[in-house]
Amino acid sequence: MAEAKPRNLRIVMFPFMGQGHIIPFVALALRLEKIMIMNRANKTTISMINTPSNIPKIRSNLPPESSISLIELPFNSSDHGLPHDGENFDSLPYSLVISLLEASRSLREPFRDFMTKILKEEGQSSVIVIGDFFLGWIGKVCKEVGVYSVIFSASGAFGLGCYRSIWLNLPHKETKQDQFLLDDFPEAGEIEKTQLNSFMLEADGTDDWSVFMKKIIPGWSDFDGFLFNTVAEIDQMGLSYFRRITGVPVWPVGPVLKSPDKKVGSRSTEEAVKSWLDSKPDHSVVYVCFGSMNSILQTHMLELAMALESSEKNFIWVVRPPIGVEVKSEFDVKGYLPEGFEERITRSERGLLVKKWAPQVDILSHKATCVFLSHCGWNSILESLSHGVPLLGWPMAAEQFFNSILMEKHIGVSVEVARGKRCEIKCDDIVSKIKLVMEETEVGKEIRKKAREVKELVRRAMVDGVKGSSVIGLEEFLDQAMVKKVEN
C-alpha cells in the first residue's frame with residue numbers, strides 16, 4: 001500500500017559541470033518550480049548543487065523571481081591537475097575532460113554530508129534527488145541515506161543507450177569488421193567504427209575513459225528511475241532499452257528546453273540576425289552551428305565556406321576558431337576562411353557570419369530557416385525538431401554519432417554530411433547534401449514533410465490539456481517520488 005503523500009517536498013538537483021548538462025537541469029528545475037507553484041497543496045523547495053565556479057553560471061540562467069536555491073560543494077580544480085578555472089567542460093580542452101570526470105568523484109563525500117544535514121533539517125518532508133549520469137555514485141549515496149533518487153539525462157535515450165552499451169562491452173574490439181551490433185542493444189542496428197568518438201575507438205578496457213565508465217555506469221542501477229529529455233514518440237526504442245536493462249521506471253519528460261537567455265549574447269547580434277532573416281524568403285536559409293564546445297579543422301572551414309558560397313543558398317554560420325586555436329577573446333575569421341569570402345557574402349547579402357554565439361531558438365523558429373547543419377548535440381536536435389527544421393548532420397563527439405543515426409535512419413529527418421573531426425570532406429559533397437534537403441527533390445520533400453510531422457508530435461507531448469506523453473511522464477515521476485518508500 002502506498003504511503004500517504006507528505007505535505008512538503010524537497011527536490012535536490014545535481015548536474016554535471018558542463019553547460020550541456022547544467023542548462024537542461026535548470027530548465028527542468030524551472031518546470032518543476034512552475035508545477036509546484038500551481039499545486040499549492042504541497043510546500044516545495046528546489047535546490048541545485050554544484051562547484052564554486054559553476055554556481056554563478058547556474059544563477060545567471062535563473063530568472064530573478066525564481067526561489068530555487070543554490071548549494072556550493074567544496075572543489076578545487078588545481079588539486080586534480082586541472083587549470084584554476086577548470087571546473088566546467090566548456091573551459092577545458094578535450095584532452096582534460098576525463099580529468100574533470102575523475103575529479104568529480106571527489107564530490108561524493110561532500111554530497112553525502114549535505115544530504116545527511118538536510119535529512120535532519122527536513123523532518124517529515126519527502127526528499128528526492130535528481131542526479132546526472134556522469135555522477136553515477138549519487139544513486140548509491142542516496143540509497144545508503146534512504147532517499148529516493150533518479151537520473152535525469154540531458155541526452156536522448158537512444159544515444160545514451162548506445163553510449164552505455166559500447167562503453168560496457170567494447171564490441172568493436174571483438175570484430176575485424178567495420179560494422180558491428182551492440183551486445184545488449186541489437187535493435188539499434190549496425191554501428192560503424194567511424195561512428196565512434198576517438199576515445200571509444202581507442203579504448204581497450206584499461207585506458208582512462210574505460211576505467212571511468214566502468215566505475216560510473218554500473219552505479220546507474222542504484223537509482224530508482226530515469227528521466228529523459230526526450231519524447232516517447234521519437235525515442236521509444238531507447239526508452240524500451242533502458243526499461244529492459246534497468247527494471248526501473250523510465251519517464252520521457254522532454255523537450256526540456258530553457259527559454260533563450262538574452263544575456264548570453266549582445267542585443268546588437270540578436271537584432272542583426274533578426275533583421276537579416278526578415279529580409280529572406282521563407283525556407284531559404286541554412287543555419288550552421290556546431291555547439292559551444294566543438295570546432296572543426298581549418299581545412300574543413302575552408303571547404304564548408306566554399307560549399308556555402310557555391311550552394312547559392314542563404315546561410316547563417318556561427319563561426320568558432322578552428323581546432324588547435326585557443327582564442328578566448330575576439331578573433332579575426334578572415335584568417336581562417338577563403339580570401340575575400342566575408343566581403344563577398346556581405347556584399348551579396350547571402351550570408352551572415354556570427355562569432356561564437358547566436359540566438360539559436362530565434363533562428364530555428366524563424367520562417368526563413370529551412371535546414372540546420374548541426375553537430376547533432378541532443379539539445380540542438382530538440383530545438384530543431386520543436387520548430388520543424390530538418391537536419392544536416394555532422395556529429396563530432398560523445399553520443400552525437402548515435403543521435404545522428406536516430407535522426408537519419410529511424411526518424412527520417414536528417415542527412416549526414418560528414419562524420420567526426422578528422423574526416424575527409426569536400427566542398428562538392430556538402431553542396432549536394434544542402435541541395436538534396438532544400439530543393440524539390442523527392443528526398444528533400446520527404447525529409448521536410450517528416451520534420452513538420454515530428455514538430456507536431458513534439459508539441460503534443462508537452463500539451464497539458466490533453467495530457468501529452470511527456471506531461472504524463474513528469475506527473476507519474478512526481479506521484480511516485482512523493483509516495484515511494486526507499487528500502488535501505
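The count begins at 1 with the first shown residue.
In case you wondered, yes, glycine gets a Cβ from its N, Cα and C as well.
What Swiss-Prot records for SER292, 358-360, 375-383, 397-400 is UDP-alpha-D-glucose binding site.
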Chain-internal residues near SER292 (UDP-alpha-D-glucose binding site), provided their CB is under 8 angstroms and they sit 6+ positions away: GLN19, GLY20, ASP90, TRP357
Neighbouring C-beta atoms (10 Å sphere around the C-beta of GLY377 (UDP-alpha-D-glucose binding site)): 26
Residues near GLU399 (UDP-alpha-D-glucose binding site) in space but at least six apart in sequence (CB under 8 A): SER155, GLY156, GLY159, LEU160, CYS162, TYR163, TRP378
For GLN360 (UDP-alpha-D-glucose binding site), the number of other Cβ atoms found within 10 Å of its own Cβ: 22
Cβ-Cβ distance under 8 Å to SER380 (UDP-alpha-D-glucose binding site), same chain, at least six residues away: CYS289, GLY291, GLN360, PHE372, SER374
